[in-house]
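Peer 1: Annotation comment: TrEMBL describes 51-73, 85-117, 151-183, 184-216, 316-348, 349-381, 382-414, 954-986 as repeat 'ANK'. For 1108-1133, the entry in TrEMBL reads region 'Disordered'. TrEMBL lists 1108-1119 with the feature compositional bias 'Polar residues'.
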Amino acid sequence: MSYRRLNVAKRKFNNIQPLPRIIGDIINNRVSVIADSLGQLPTTLSTSNKDRRTPLHLAASLGRTKIVELFLNFEFYSVNCRDNDLVTPLHRACRNDHSEVVSILLAHKADVDARSRHHITALHICCAFDSFKCASLIIDKVSNINATDSNGVTALHYAVYRNNIELIKLLLKHNAQPDVQDKNGQRPIHYAAIAQSTQAIQILIEAGCDVNARNKYLFTPLHFVAANGSEATFFELLKYCPNLEAQDIHGNMPIHVAAYNGKEILFEEISKNVDKNIPNPDGVTPLHFACASKYGYSLSLKIMEKVTDLNIVDKFGWTPLHYAASNGNDLTVKELLVRGANCNHCDSDLETPLHKSIQKCHTMTSDILIRNGAQLDISNKDGFTPLHFSVMAGLPWSCEWLIKAGANPLLWDKMGRTPHYLAVYYGIWDSFQWLMTSPYYNRLIEDSDQCYGNIVFPKLDAFKRSLLHYAAASNTCAHEFYELLFDCGEIDIIKYIYGRTPLHYICFRQCQHTNEGDIIQWIDKMVEVGADCSILDEDHALPLHYAIANGFSKTVVQRLLKLEMVKSVENYRKYFSIHCPFKIACFYDNSSALEFWAPYLGFESFSMFSKIWERAIEIATRRSHWNCVLILKSVGELHENEEFFSRMALLCVLNNNINGLRIYLKFNIITNFDVLMFAAATKSYGPEFLDEFFQRGANLLIKDSKNRNLLFYAVVADMSKVVTYLVESNVPLVTDCNGKNIFHLIASTGNLKMMELFFTFAIDKDFIQEMCSLLMSKDNDGFSPIQIACVKSHQNILEFFLTNFEQNIELTLMHFSGFTSNFKFVQYLLEKYGPSYIHSLGNDNRNLLHYACMSRRPNLLLLKLLIEELKFDVNVMDDNDLTPLLCAASVGNTSTVKYLLENTDSNLRCTDMKGNMSLHLACLSGSSSCALYIMKHAEEHSFLDDLISAENHYKQKPIHLAAKKGLKSVVVELVSNGASVLDQDFYGITPSMYCARDADAAYCIQIINALMELDLAETRQTNELEQTNSQSEVDNTTYENITTSGSSLRCSSQDKFDSIHSRIRKSFHGFDSMIESRIQKLGRKSLPTKSCDTSLIRNVFKVNQTSQLNVNTSQNDNGTKNEDSEIEDTLNESNGLDESVYFQSDILVDSDSEMF
């Protein structure tokens, strides 16, 4: 045992606590001792370990029958007590197949359906641990034999996996479903295939399992068998003719799976019916799979003997040799090469098998390929040769082989890099040395005078970066590279195409991965040979910026700073206007660099000081870098303002940072804490925040503009700690400007824990009556917290209220729950009070079914409960003669109306106390779908004509009300089924006038209709006269007289309008008389005397008298009233016309809102 493990063992031994006495007695089965101690020391029974397992769990687990019976008879433990994993004693007994203990537990009514934290039942335990006796005892008492655990696994799955044939037969005998899927879609037959159980497969298939069943990856049982190679299981499955060509989610058949796992016998059997070279959708054949497998060498030999083309490719261009080389299967590689496989074949990425083997660091495979003629300088699509991959993989010996074999180290990739660059970047000195020994490199040196001048290395890559750039950028570059580069003159400090020099890259390193002393040494060396620290890259950043961002100390920063950069505003803006060093230091918490930079904030000519300082300190605050805040505060004494520091303190509060807040409060600049306190009330550190503010004189009783105090904010954010602090600080319960209190908010969110917390406070601080009144108080919309909980279906709040407060509002809440379709609450009341209570009547003698049908969000489950189970009468009427059907139609509940008409004997002919039928009310509700469905149902039952022609007490037909609500589709349907557009109501109003938007428009329509009728009559009379004159022989005098008389009947439209308008101004009654006389002259039937009564139109449309057409209703010069006014007064007195006669409220239940 190692020294570390020994120390761990010692610590565990030292932390062992002595076991309670009762635990030792149970383990040693001391029944008499336990029996004697039960009455004397009951406290010992409360013993439990850290997992809350009780002595009863232990006794059941060990099969201590008598001790279990003693515990249960003593009634100290519940037979269904649970530990932290929700495991009961029954689970423990079943795990070890203690059938006698199980019998005792069942006799004491143990819950056989109890589930653990992972939803495992006792039957699952029996099947998972082969407890057949216990399973036999509990299986008849299990409510659902197909119950699943959290992974969707049933007891049958467990039994099959354990290959327990007795349990499998027992479960199937009790109707366990053989085809249940777990969360991965695997059925018991898949488990049988995995467990290699031939008997289980036979039993399951005979029970109805599909031999080709698939899981969510489309694996069949045959796929699993092909993977594990069980021959007996395979041949058992073959008896039931499985699909040998079934494809999984990747298109692989069992033959592919067998090839990959090297199962020769299974492969041969399957290949009798399936082509050995059949590819999957990616073009991968069994030969590819066999060559890729560590276990497929012998199988691959057999396949190679019958395959003509060993260079067959998949859709990625890989040959079998690619797969073998990539997986390091040396024997397979040799065999393929002996049989003539092409070792230089390129895939779709232009990579050969040699590329694959070097990438995977298979050195022996690479050596085999090189010895058998693999080309060394083939480049892939990125320009990488095998030598590039060898350097990147960190394989110096591979570089050695490649160089000795003649690989060219001077070939560029697509970024213009030779392997030298990669060796420098990855810091592989050995590989670099081997590259330097290449004959190609030596010839480069010999020819350098002709080609490149005095150079030693490839000069620049495609981005104009030298080896020094790569060395500077590398975190692993060795000292040897720098020394070599400096010694050989490779020190031209140039910019590459993005403007960065090696100085930029050396500062780009992460400080924690680099020795800062080395960085300083290299920076000094570069500066010594002429490196310029003031070069800006294309991101407008200096090496200084990168050094600060990557955490280098002020020593490095000092070497990179030139004083002329900060001597003037112009220079500062040139170098630091885009990237401010102060902000960068605060962002990355580089307090050392910030401390160096801080003095440069204060030079007099720098006018941007205040903005930079504020922005930097804000960045430090947001990222909780308090050292930076203190450094900046020390240089910003002259720029302190309360607004800025209050904003920073608010950031601390919003980020839940108590330490940062205390720093800002110590500055003693903030005096107004109101906004901070409201924000603090919503945070988990709220008590600490509020206590800090309170100690500095803040008022905990503050309110916002909507009269909400801190308790509102704490309740909304569900901050129980803040609520406790505020209540203990005597912060009162208030109501905001909308009439809502905190219990409205609690009820809206269903936060039972918060409600229980306030109830506890109410009891402790004796304000239970105040809490009760607030729970019953209504907001400005007329809803109390309890009603809101009912609307939101928060069952927990409602049950808590009824349990703890005696207000006798259960009946009102029940009816309100019907109105809001709260099905769960109705069920709760039914269980608590019984069916007779559910039948109780409310206001206007309405029952729960009336209210459920009035709901604007119907719940058919509630309707079924009331009608089918509780036998509510569907035709019962309330005091307004409304049946449930009429209630549903009045609010346009199409689904409720449909359910009542299709599934009950609801009477479609019933009317309310104003004579409205269901179609009237559906039109009044503005619901086209409801009205159309009622008409459709009436047509199917030969009642449509009666429904369309039905009149209410004011002789209004459905077409009047549909026109009033603008229900185009309903009006079309009514007219097409025979509804008359000329029907008049009690006051002579036709449907066309109901389409008007107000009384003025209706008045105009009435006048226009009357004049149109007169014009038609005059035109008809004139035409008849002209026709008579054309047929008779008369002299010219007679003809002229006739023509003159005909012309006198026609006047210009303007003259006619002026004449009519002047008469209207005198009195509407006079205009009515004029129309009447003109009609009588034409020999037409008189219009109804009330057809043009403006007072009736006003009453119908409920428009203010001041907005009507200017009709003179005042007294005339003789002191008498106008005739119109007299008619209006008479009608108002005699008829008592109600505003709701024609245009009733869209929501008929509004009058009942006060009931709740």
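Here the Cβ of each residue, glycine as well, is placed from N, Cα and C on the backbone.
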Peer 1: Count up the helix, strand and coil residues in the repeat 'ANK' (349-381) according to DSSP, in that order.
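Peer 2: Going by DSSP assignments, the repeat 'ANK' (349-381) contains 16 helix, 0 strand, 17 coil.
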Peer 1: Compare 51-73, 184-216, 316-348, 382-414, 954-986 by their Cβ pairs under 8 Å to the repeat 'ANK' (85-117) and return the stretch that comes out on top.
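Peer 2: It is 51-73 that shares the most Cβ pairs under 8 Å with the repeat 'ANK' (85-117).
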Peer 1: In the repeat 'ANK' (151-183), how many residues does DSSP assign to helix, to strand and to coil?
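Peer 2: Taking each residue of the repeat 'ANK' (151-183) in turn, the totals are 16 helix, 0 strand, 17 coil.
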Peer 1: Which bits of the chain, at least 6 residues beyond where the repeat 'ANK' (316-348) starts or stops, bring a Cβ under 8 A of a Cβ in it?
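Peer 2: Long-range Cβ neighbours of the repeat 'ANK' (316-348): 282-283, 287-294, 296-297, 300-301, 304, 310, 354, 356-357, 359-360, 362, 364-365, 368-369, 372-375, 378, 380.
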Peer 1: Which value does the mean pLDDT take for the repeat 'ANK' (349-381) in this predicted structure?
Peer 2: 93
